[in-house]
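Taken from Swiss-Prot, the feature region 'Disordered' covers 1-76, 96-168, 318-380. For 22-41, the entry in Swiss-Prot reads compositional bias 'Low complexity'. The feature phosphoserine is assigned by Swiss-Prot to Ser27, Ser34, Ser42, Ser97, Ser110, Ser113, Ser120, Ser320. What Swiss-Prot records for Thr61, Thr103, Thr112, Thr318 is phosphothreonine. As annotated by Swiss-Prot, compositional bias 'Polar residues' applies to 141-150, 369-380. For 173-234, the entry in Swiss-Prot reads domain 'SH3', with the evidence type sequence analysis. The feature domain 'SAM' is assigned by Swiss-Prot to 252-316. Summarising the annotation, Swiss-Prot assigns compositional bias 'Acidic residues' to 318-327.
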Amino acid sequence: MLRRKPSNASDKEPTQKKKLSLQRSSSFKDFAKSKPSSPVVSEKEFNLDDNIPEDDSGVLTPEDSGKSGKKLGKKWRAVISRTMNRKMGKMMVKALSEEMGDTLEEGSASPTSPDCSLDSPGPEKMALAFTEQEEREPPSLSRQTSTGSELCSPGPGSGSFLEESPAPQYTGPFCGRARVHTDFTPSPYDHDSLKLQKGDVIQIVEKPPVGTWLGLLNGKLGSFKFIYVDVLPEEAVGPVRPSRRQSKGKRPKPKTLHELLERIGLEEHTSTLLLNGYQTLEDFKELRETHLNELNIMDPQHRAKLLTAAELLLDYDTGSEEAEEGAESSQEPVAHTVSEPKVDIPRDSGCFEGSESGRDEAELAGTEEQLQGLSLSGAP
């Protein structure tokens, strides 16, 4: 008698139970169980059709269901992060390719940054490199995308903001100079103090009463303590400058009339003046406007030059004579005082009375004379 093959209804029920338990374990995790200390992501490629091991009875134990749920959760997270990283990488590559296309169209008007060389890969190669990098190292792609914009920035002034413009050097005013007598090296964290070496000369800018002065040394403006320096005495510049100007501006007095006329540029009148008696500078001093009329010199510029030269020559001689007289007069009283001998003048100290002794001597002399006169008159 033929037996009927049993139906597979009993076999289907365990599989349905397994699917339900799998879905529940993946959606609702076992929160009561502690997490592993060092979870390791499986390097196998994720496949939803993987067979899950089961025991002999065909029903999963709670421990197996928890482990499978954790594995699925980790795999889902890896898939999501991988897809997001790929999307972000593609967006960054697209943005970079657009920027590079714009710069290539504009031309090489502005120099590119030094980080980008001329042999840099095109946008397609960069896209391929990004995708390969994503497949090899999915976790570190977020860092690469965050720093991807810094790899090649075609901006014209990428490093210009790093270059600081040099500060203009201080040129004055100064209130004195000081020489360093003790070496001083400031702390490396103190950028305002000057490094002092013995013998350095500092141009003092400010001398506050606190004791920390401001000065210029070797082109650097900074502070220093006054105890390390000696203030140099200021040079008497005022009276010296006029004498230098006078010595530079003053020419020596001309010795001949021809030399004087050469200086004022009127050599053409040399023969006229010599023929009419103006042979020396002493004669030229007496030149007046009427004399020029007699000499037939009618050019107003020439007349003015000749008259001015005569007046200056006269003033020069009179000034030198007065200076010589003043020097002689200043030397005479000194010689007089030196040549005078010192005379000792007796002074009465007041201790002795000399008037009575003098009177007694005078009376004695008078009596002697009277006696002599009487004796002469009484003689026969």
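Think of each number as a place in line: the chain as shown, counted from 1.
From the backbone N, Cα and C atoms, a Cβ is placed for every residue, glycine too.
In the three-state DSSP scheme, Ser97 (phosphoserine) is classed as helix.
Ranking the modified residues Ser97, Thr318 by other CB atoms within 10 A of the CB puts Thr318 at the bottom. DSSP places the residues of the domain 'SH3' (173-234) in helix, strand and coil in these numbers: 3 helix, 29 strand, 30 coil. If you take every residue in the domain 'SAM' (252-316) and average the pLDDT, you get 82. There are 17 other CB atoms within 10 A of the CB of Thr103 (phosphothreonine), with all protein chains counted. Distance between Cα atoms for Ser97 (phosphoserine) and Thr103 (phosphothreonine): 10 Å, as a whole number.
When the Cα atoms are compared, Thr103 (phosphothreonine) and Thr318 (phosphothreonine) turn out to be 86 Å apart.
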